[in-house]
Amino acid sequence: MRYLTAGESHGPQLTTILEGVPAGLELTTEMINSELVRRQKGYGRGRRMQIEKDQVQILSGVRHGFTLGAPITLVVQNNDFKHWTKIMGADPISAEEQEEVKRKLTRPRPGHADLNGALKYGHRDMRNVLERSSARETTVRVAAGAVAKCILGELGIKVGGHVMEIGGVKAEKIDYHSIEELQEITEASPVRCLDKEAGEKMMRAIDKAKEDGDSIGGIVEVIVEGMPIGVGSYVQYDRKLEAKLAAAVMSINAFKGVEIGIGFEAAEQPGSLVHDEILWDEENGYTRRTNNAGGFEGGMTTGMPIIIRGVMKPIPTLYKPLQSVDIDTKEPFKASIERSDSCAVPAASVVAESVVAWELAEAILEQFGHDRMDAIKENIKRHKEYTKNF
Ligand code: EPS
């Protein structure tokens, strides 16, 4: 299974084509829209989110609520495009129109893709970079992730996510009994935080950043329950599922680091406290006493919950000006902007769930078959029996 996305932030629409989704998967517009809505919510977003009301159109590969096995095309219109038709149109515009448009960007924002992207592709107008590097693209990554979640859901694999930290405010570790309970609590929190008190403090931190014309980042965690044992492989570097997940999370806009299980904390502990002891019982087969490995050993799943965290840096588009250089005049300047989010960590937690779901669904299909959902279900059932009695 693979997918590509296309589309600019202020262009007409975002598109993704999903290739290799098995036939016979229940999939509706509503199932995808409910995920798009989750990404759009979240305390700290700017005015753009009031303009957009993301709704997917399924343009191929699905008929009467079930996938056909054919490529699935998903599109989401950008409502904001109506304000940008001249600036973002595909066809050439006249000199007078260019004069009218006048939105050439020559002042790179520190922390954004602007300068490196302009140098790489030779764009003197950095709008050509920012339009595609914008996190608006994550809309269709969430749409793709929604399809992956449907695949996992039919196989009894559940994905949840939450925000652990925003702008230095850390959530206390709160126990939850099931992914459903985690989802219920985080859905009710404007910052997707399990710890209500910390959530309030996070909102105040976002207010403060906004007042100061600044932005703040944070840490999100994704948890996946129900993965069969032994998905992924140790035999080749590019088949290690843990590495694929890390790459997927790192590919989210503004993400700068990933941890699995206890992650960096493993450096501080002896092996006897880090490694998860192996148990066996008739009902559950092989399990672990602890889950410090976050569901992975040797690039393969252990059958324990997958736990992966990612850190998002503060958004680089700031009201508070930072020093930069105009690429036309080479003069220094201090940039200020028209519109930005002060914090997009809650939205990023939904994106993280989506990209993790995609990688896991892809790994499942690679191991258990690509064509039909009913055959994949059978194969997994057999595999579970096999591993239990191994
Ligand atoms: C973004 C800048 C803002 C965000 C945008 C990502 O958009 P604009 O430049 O139109 O104000 O709102 O995020 C989204 C539109 C979205 O759907 O998440 C950026 O530069 O990355």
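In case you wondered, yes, glycine gets a Cβ from its N, Cα and C as well.
Annotations in TrEMBL come from automatic prediction, not curation.
Straight from TrEMBL, the features:
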type    : residues                                                                                       : note
BINDING : ARG39, ARG45                                                                                   : NADP(+) binding site
BINDING : ARG132, SER133, SER134, ASN253, ALA254, GLY298, LYS313, PRO314, ILE315, PRO316, THR317, ARG339 : FMN binding site
Which residue, out of the binding-site residues ALA254, ILE315, shows the minimum number of other Cβ atoms inside 10 Å of its Cβ in this structure?
ALA254
Checking proximity to ligand 1 here: which binding-site residues out of ARG39, SER134, ALA254 have their Cβ closer than 6 Å to it?
SER134
Least buried of the binding-site residues ARG39, ARG45, ARG132, LYS313, going by other Cβ atoms within 10 Å?
LYS313
Can you tell me how far the Cα of ARG39 (NADP(+) binding site) sits from the Cα of SER134 (FMN binding site), in Å?
15
Specify the count of other C-beta atoms within 10 Å of the C-beta of SER134 (FMN binding site).
18
Nearest-integer angstrom distance between the alpha carbons (Cα) of THR317 (FMN binding site) and ARG45 (NADP(+) binding site):
12
Please name which of the binding-site residues listed here, SER134, ALA254, LYS313, ILE315, is nearest in space to ARG45 (NADP(+) binding site), Cα against Cα.
ILE315
Could you tell me the maximum Cα-Cα distance in Å between the residues recorded as binding FMN, namely ARG132, SER133, SER134, ASN253, ALA254, GLY298, LYS313, PRO314, ILE315, PRO316, THR317, ARG339, rounded to a whole number?
45
THR317 (FMN binding site) CB neighbourhood, other CB atoms within 10 A:
20
